[in-house]
Amino acid sequence: MLDGYKENRDYPAKQATSMLSPHLALGEISPARIWDATRGLSKRVPAADIVHFRKEIAWREFSYHLLFHFPRLASDNWNDRFDGFEWRNDDDDFEAWRRGLTGYPIVDAGMRQLWRHGWMHNRVRMIVASFLIKDLMVDWRRGEAWFRDTLVDADPANNAASWQWVAGSGADASPFFRIFNPVLQGETFDPDGCYVRAHVPELRQLGAKYIHRPFEAPKSMLDEAGVTLGQTYPKPIVDHASARNRALAAYNATRGAA
């Protein structure tokens with residue numbers, strides 16, 4: 001299970017994660033039991049893989065530490081300087097994100113996987129969260145609530161702490177200027193497009209070169225793949241470069257006002 005974990009865990013098309021999160025969330029297995037089980041793997045699994053896996057378990061426990069000391073973790077910014085952040089909160093953008101119709105294939109694949117299976121790969125969770133918060137500037141609490149409502153592994157501590165981490169408002173948060181490019185993230189972690197094809201069937205015939213950027217594909221290639229942008233698959237609802245600059249300006253304004 002853990003052999004190759006450190007190297008492969010970020011690739012959503014690979015079966016490289018433990019899939020224990022629903023069982024942890026429902027109390028069917030304890031973090032201590034999992035930690036103890038890794039002790040017997042040292043002769044079969046590289047130490048780096050075990051250490052990296054244990055770090056993920058530790059992050060979950062840190063989230064519970066935060067929730068214990070900050071019970072309003074799902075509703076209030078842990079860092080209150082973000083209370084004045086000006087969200088756009090466009091309902092149409094939020095609905096497109098929820099339905100997996102943003103025009104960015106890796107985002108849409110993740111949101112459709114969530115709706116159909118009640119689960120989403122961790123790397124893709126970070127991508128879709130960054131897109132909602134920083135590209136669309138929708139309040140992280142709306143994303144947190146949607147995940148809490150749809151994930152089979154929904155966890156009150158881990159879910160809230162992770163959303164605040166992406167937003168930059170949490171403890172040990174991701175730097176505010178870390179804004180995932182959904183195209184580059186897709187090309188890096190789903191280079192052949194296998195994950196996108198599994199969850200966005202309308203792009204299944206599109207080649208790997210354009211699977212994460214269909215809006216740049218030549219019309220002849222789109223026609224061959226049976227894709228008509230704006231009809232069979234949406235055009236991007238936002239320009240990432242422009243959205244990134246808008247988000248950075250909003251974050252800088254918040255920091256300046258603090």
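Even glycines carry a Cβ here, placed using N, Cα and C.
Remember, TrEMBL labels are computer predictions, not curated facts.
Feature annotations, courtesy of TrEMBL:
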- Y5, T17, S18, M19, L20, S21, F53, D153, A154, D155: FAD binding site (BINDING)
- 53-252: domain 'Cryptochrome/DNA photolyase FAD-binding' (DOMAIN)
- W87: site 'Electron transfer via tryptophanyl radical' (SITE)
- W140: site 'Electron transfer via tryptophanyl radical' (SITE)
- W163: site 'Electron transfer via tryptophanyl radical' (SITE)
Packing count at A154 (FAD binding site) (other Cβ atoms within 10 Å of its Cβ): 17
Spatially closest candidate among W87, W140, W163, the listed recorded sites, to L20 (FAD binding site) (Cα to Cα): W163
PLDDT averaged over every residue in the domain 'Cryptochrome/DNA photolyase FAD-binding' (53-252): 96
Other CB atoms, at most 10 A from the CB of F53 (FAD binding site): 23
From binding-site residues Y5, S18, F53, A154, the one whose Cα lies nearest W87 (site 'Electron transfer via tryptophanyl radical'): A154
Distance from W163 (site 'Electron transfer via tryptophanyl radical') back to F53 (FAD binding site), taken between C-alpha atoms, in Å: 20
Of the recorded positions listed as Y5, S18, A154, W163, the one whose CA lies nearest the CA of W140 (site 'Electron transfer via tryptophanyl radical'): W163
Pairwise Cα distance for S18 (FAD binding site)/W163 (site 'Electron transfer via tryptophanyl radical') [Å, integer]: 21
Assigned conformation of W87 (site 'Electron transfer via tryptophanyl radical') - DSSP reduced to three states: coil
Cα separation, W163 (site 'Electron transfer via tryptophanyl radical') to A154 (FAD binding site) (Å, whole number): 12
Where L20 (FAD binding site) falls in three-state DSSP terms: coil
